[in-house]
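Shown next, in structure tokens, is the structure this report addresses.
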Amino acid sequence: MNFTDTTQEKILPIVMKFVNLKPVQAIKDGMLFIMPLSIVGSLFLLFAEFPYAPVKDFFANIGWAPAMYQANNATMGIMALVAVIAIAHSFAKNEGVEPLGAGFTGLSAFLLLLNWNIPVEEVEGGVAGIATNWVGSEGVVAAIIIGVFVGYIYTWLLKKGVRIKLPETVPSGVANSFNALIPLFIVVLLSAIIYGILGSMNTSFLDLIYTTLQIPLQGLSDSVAMAVIHPLTVHFLWWFGIHGAVTVGGIVEPILRTNLAGNAALYRAGELSLEKGGHILTVANTNVFMTPTGSGMTFGIVFYMLFSAKSEQYKALGKLAIGSSLFNINEPIIFGTPIVMNPLLFLPFILVPMIGHLSGYFLIRVGILPMAHGIEVPWTTPPIIQGLLAGGWKWALFQVVLLAMSVVVYFPFIRAADQQAYAQEQADGELTPDQLAKEIAE
């Protein structure tokens, strides 16, 4: 049994079984709701902390900077609130249960499990209120746990018929509201018991999760191991035709996005550094250093097809794929070359993004490249512009280096594939470029 067969029969079933677990699906689907907030909040932070001093001073002088910071607070700053609602909502929706009630039940549980006290100097016992750090990045892991827990309990109770039954003549909106009453009560009761127990120990659920789970997870996410494992798993799955970015991203992106939000807070305070708790690996690094021009950083393949290919198949494919590749969409290359299940291209497809991600990690650690300062650029932003917005001119310049590296590393492998395709065309009788383009498009 060869490597491909062994992987397909032994490893992939285990991976897919994990990926298809209900909690994992709910987390993956729910955390997607955070992305628009993160991107919009990043744009306001970009204007408030614009890297060109005259522009930054202009916004500060006309008094717009506070409004932009507030816009950032109201988007990136409520990540945990959105996460707990969205995950509980997604869990219920995936189970075929009315999801809105689950989402708001999750929100109620999250707020109940918070410590509603803010320590203030010279005020004995502090003041009543919610510290904003808990509804933002520091509460994300707790929000994930609460969202899954609430989604499961809420769904299980409704499926078991634990609800207030109303006549069929009652409008569905009213019926759904009453259906949520008993699950809501049970979740709130359980949350109140947890709050009371932990309160007697002078802590809270969010404090406990943050110190015992989130901090270690964020530390792990900033390690060399993660810099290797992340690109390896994403592209290993892609090679088998499984969307690695979505599959793995649903698991690791919540932490990487939390790292980015933490960097944003430090950047605003003028304290972004490793010593102050800044993070090397964030969701911005993934887009800029690992997947520019798409998963596998396949710019080198497209470049070869456009300027060096002999086979009509690859010439046509290069012309078709260049436009989408500039916006980091490269499924035409992955499935059209093909890279999927192609042993010839397995090594560079794994190696190129790993080199990019790992080299970016070390260059940030030694201080040659700056850390991501909190800007999440839309993943479809073209390379170079993407790097400039996410990390400044040094990131943009490094993207140029990475794209050149992609051309060099892919060259011998795609040339061999091109020679095979050219020989096959010669043997079968060449099709015209128009015919090949039509076949590829279909």
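Including glycine, each Cβ sits where the backbone N, Cα and C put it.
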For this session: Quick one: sort out which of 100-119, 220-239, 360-379 is the transmembrane segment according to TrEMBL.
Result: 100-119
For this session: Report, as numbers and ranges, every residue of the chain located at least six residues beyond the transmembrane segment (100-119) whose Cβ falls under 8 Å of a Cβ in that stretch; write 'none' if there are none.
Result: 80-81, 84-89, 91-92, 125-131, 134, 139, 142-143, 146-147, 149-151, 154-155, 176-177, 179-180, 183-184, 187-188, 191-192, 194-195, 203-207
Problem set entry | Cβ-Cβ under 8 Å with the transmembrane segment (68-88): same-chain residues at least 6 beyond its ends | 26-27, 29-34, 37-38, 40-42, 44-45, 47-48, 59, 99, 102-107, 109-110, 132, 134-140, 142-144, 146-148, 150-151, 154, 254, 257-258, 261, 264, 268, 374
